[in-house]
Amino acid sequence: MNSENFTLSEKIVSPSYIRQGSQARRGHEQLIRQLLEQGKCPEEGWSESTIELFLNELAVMDSNNFLGNCGVGEREGRVASSLVARRHYRLIHGIGRSGDIAAIQPKAAGSSLLNKLTNSVVLDILKLAGVRSVASCFVVPMATGMSLTLCFLTLRHRRPKARYIIWPRIDQKSCFKSMITAGFEPVVVENVLEGDELRTDLEAVEQKIEELGAENILCVHSTTSCFAPRVPDRLEELSALCTKYDIPHIVNNAYGVQSSKCMHLIQQGARVGRIDAFVQSLDKNFMVPVGGAIIAGFDESFVQEISKMYPGRASASPSLDVLITLLTLGASGYKKYLSERKEIYSFLAQELESLASAHGERLLHTPHNPISLAMSLDGLQASSNKAVTQLGSMLFTRQVSGARVIPLDKEQTISGHTFRGFMSHSESYPCPYLNAASAVGITREDVTLCIKRLDKCLKALKKEGSAAERSSPVPSLKQEVSIGE
């Protein structure tokens, strides 16, 4: 209610009570005003009542919620199900216009304001997480792979002769398919083994640039967050190479926002060289449903160019989800999650190392990977290849999700390209292993349960292997002699 309505209310209910209610209302409005003035994530999280008040205020600004609105167009924000309408807070028009995902919609001032505020709040969080000099970003209603494709398609207009994308290998299908879908030929650069870690082969990258010709290369497509024993690419050196040869640089930062190390690499890469855009997932970093990503960069005009490449309007759901989440948590709440994730990473490493030692295995030494860990499975491999893959299915049936068991010598063909040793980021990694990650939102209880169940699975497989060995026929003396002959 506005001040006039509060004044009228004093004629119905005691003025002292109305004034108290008015003051409470002003408390909510003060928070909303600060958000509109600053465009930053509030330090402390909002209550659900404040968030719902704000969203309802935005919704009544959209034409589909106007009292007496008469819509005679083909897209008037009509919704058949009231359940669907409530799920979206009656913000039905989506974001953007047919020519630009960031454009204002005349029919939907509320949804347009939601879009602008979300992009502003997310930009603030990217700075808070470590990329201080990021200039611009926008939320796009596509997951990481398709968002990378959008970046590559935008670069096509700047480099029409380019055919190739240089890509230090990471065994994740959507990364590879993002380049294929955009119509380019990925040039896979194998990683080099340094200790247990798989790291960027900078010499091979530069050799490929010189071999193919810089003008024929669309960009270098690098990676930060990844599964151990692969570690984030050497972004500073790659960025310097891109500057040297005047080649664009796109970074896949899928779940890197939660890692200060990954964000620092991006910041440093932009400082010493060239990073044109970096892409991160909403669900992996902000604990919202799958379906959105953030495209960010250090040149505002290029980020705007990417947003204009998106054809048509877009769903507002990812923007709405991440805005609600960040307003709920506040900057302090999100920082707390990041701090807890880092602490639990150390706890997970200690627990995995103890378990590995108890089973004659070892925790692989991957200090440059701040999220993912790997434990060798040499003992299982010695019994049989089947035992390694069986461990993965045993964990899944025991409700341990996210753990990845990587056997040796697996092949996978994606869009005509065959990867040997697929999932291990290498053609010939020395040992099979198991992955576990400390991602944002993980708890100590998750780690404790995982270790307990993994221990039981390993013991069961060893017992099974011993039983099979005992039941195998023992050659007689006569047979042994004939074998020796």
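The backbone N, Cα and C atoms fix where each Cβ goes, and this holds for glycine too.
Predicted automatically and left uncurated, TrEMBL annotations should be read as such.
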Per TrEMBL record, range annotated region 'Disordered' [choices 24-45, 464-485]: 464-485
Cα-Cα distance maximum in Å, computed over every pair in Arg271, Arg398, Lys463 that the record assigns to tRNA: 55
Between Arg398 (tRNA binding site) and Gln105 (substrate binding site), the C-alpha gap once rounded to whole angstrom: 49
Max CA-CA distance, Å, over listed substrate-binding residues Arg97, Ser98, Gln105, Arg313: 10
Environment of Arg97, Ser98, Gln105, Arg313, the listed substrate site - residues of the same chain whose CB lies within 8 A of the CB centroid: Gly94, Ile95, Gly96, Gly99, Asp100, Ala103, Gly312
Inter-residue Cα distance where the pair is Arg97 (substrate binding site) and Arg271 (tRNA binding site), in Å: 34
Proximal residue to Gln105 (substrate binding site) among recorded positions Arg75, Lys284, Lys463 (C-alpha distance): Arg75
Nearest of the recorded positions (Arg75, Lys284, Lys463) to Arg313 (substrate binding site) - Cα to Cα: Arg75
